[in-house]
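Taken from Swiss-Prot, the feature active site, proton acceptor covers Glu90, and the record attributes it to sequence analysis. What Swiss-Prot records for Cys335 is active site, S-methylcysteine intermediate, and it gives sequence analysis as the kind of evidence. Annotation comment: Swiss-Prot describes Cys110, Cys114, Cys117 as [4Fe-4S] cluster binding site. The S-adenosyl-L-methionine binding site feature in Swiss-Prot is assigned to Gly162, Glu163, Ser194, Ser216, Leu217, His218, Asn292; the stated evidence is sequence analysis. According to Swiss-Prot, the feature disulfide bond maps to Cys103-Cys335. For 96-330, the entry in Swiss-Prot reads domain 'Radical SAM core', with the evidence type sequence analysis.
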Amino acid sequence: MTNLIDLTFHELESLIVSLGEPPYRARQVWQWLWQKRCREIAGMTDVSKALRARLEEVAEIRWPVVEMVRESRDGTVKFLLALDDGERVECVLIPEKDHYTACLSTQVGCAMGCGFCATGMLGFRRNMTPGEMLGQVLVGRQYLTDKGVELGLRNLVFMGMGEPLLNYENLLKTLEALHHPQGLDFSGRRITVSTAGVARHLLDLGRTGLCSLAISLHAPTQAQRERIMPGAARLELDKLMDLLAQYPLKPRERLTFEYLLLAGVNDADADARELVRLLSRVKAKVNLIVFNATPGLPYSPPDEARVLAFQDILKSKGLTATLRKSKGSDIAAACGQLRAECDGEGEGEGK
């Protein structure tokens, strides 16, 4: 049976028309789904009983099921969500100064095989549907409402389980639904999609104007990247940078490059200088992330002095480089950790 939250607005409109109703009825149903977070068609009280009855014959509303919630001392909240087929994914609410950011998954598992990430250890299971991706936003907002939290869910980052651009069609439908003014009404400035670099849809995404882009880079050379991110090696760094140089940006906009610091792997002064050289070809800023030491993975975090020295080299060359503080380490908040823990398959670091 059709899950209404899987539908774009135009698909919902077509469904409503096929049931013999005028198209404007779709706006009413859409608002119930996204603004009022209605979970039963019968609860749409300003929709006619006849339409509700016909809708219930062909459709339903299915959110992901919250299987586990973990709350960190720093305010981070991690959800383990069960999908219709029993697969499980994760999403995270991250507290900021005046709002929350949700970190969303796009696939069950991942084919990229990054050596520092627990999701890669799971392998690729399947793509998530638009409703499954959007359902994470509904779950997050409902949690904050139920807790009476005053800070709202304002920003979305597609940096959870999976490679978003390998689920491009469903990602695009999700972004369109997020933008709809009579629904969740997120602006493109509030949405970031992170990719390891998939050539096929990279520029297509930029042309939509529906989000900002972040690149999961993590290494300044092709050889280093192949060692820690074997799946990303399909697109050579030089070719990736050539594509990114064509990526459509607003006048003051820059591409964000995520760089996970691994002791003795990619944190040397020479790595920092090579990173500056690599990024000189594009309008860039760097988000440095310190690896969280994790049993079962062959990596460790650099010490604070090494991290600051790396950052100082980038900044001295005129490159904006921020240091992202890890949150939720006490609740396995990095990508794939909670599912892997529950599956008994180990833990890892997110992108």
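Glycine residues also receive a Cβ, built from the backbone N, Cα and C atoms like all the rest.
Taking the features listed in Swiss-Prot, we show where each one sits on the structure.
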{"residue": "Glu90", "record": "active site, proton acceptor", "DSSP (3 states)": "strand"}
{"residue": "Cys110", "record": "[4Fe-4S] cluster binding site", "DSSP (3 states)": "coil"}
{"residue": "Cys117", "record": "[4Fe-4S] cluster binding site", "DSSP (3 states)": "coil"}
{"residue": "Gly162", "record": "S-adenosyl-L-methionine binding site", "DSSP (3 states)": "coil"}
{"residue": "Ser194", "record": "S-adenosyl-L-methionine binding site", "DSSP (3 states)": "strand"}
{"residue": "Leu217", "record": "S-adenosyl-L-methionine binding site", "DSSP (3 states)": "coil"}
{"residue": "Asn292", "record": "S-adenosyl-L-methionine binding site", "DSSP (3 states)": "coil"}
Quick one: of the recorded positions Cys103, Cys110, Cys117, which has its CA closest to the CA of Glu163 (S-adenosyl-L-methionine binding site)?
Cys110
Out of Glu90, Glu163, give me whichever of these recorded positions has the highest number of other Cβ atoms within 10 Å.
Glu90
Gly162 (S-adenosyl-L-methionine binding site): nearby recorded positions from Cys103, Cys110, Cys114, Cα cut-off 10 Å:
Cys110
I need the nearest neighbour of Cys103 (disulfide bond) among the binding-site residues Cys110, Cys114, Ser194, Leu217, His218, using C-alpha distances.
Ser194
I need the CA-to-CA distance for Ser216 (S-adenosyl-L-methionine binding site) versus Cys114 ([4Fe-4S] cluster binding site), whole Å please.
11
Counting across all protein chains shown, how many other Cβ atoms sit within 10 Å of the Cβ of His218 (S-adenosyl-L-methionine binding site)?
25
Other CB atoms within 10 A, centred on Gly162 (S-adenosyl-L-methionine binding site):
29
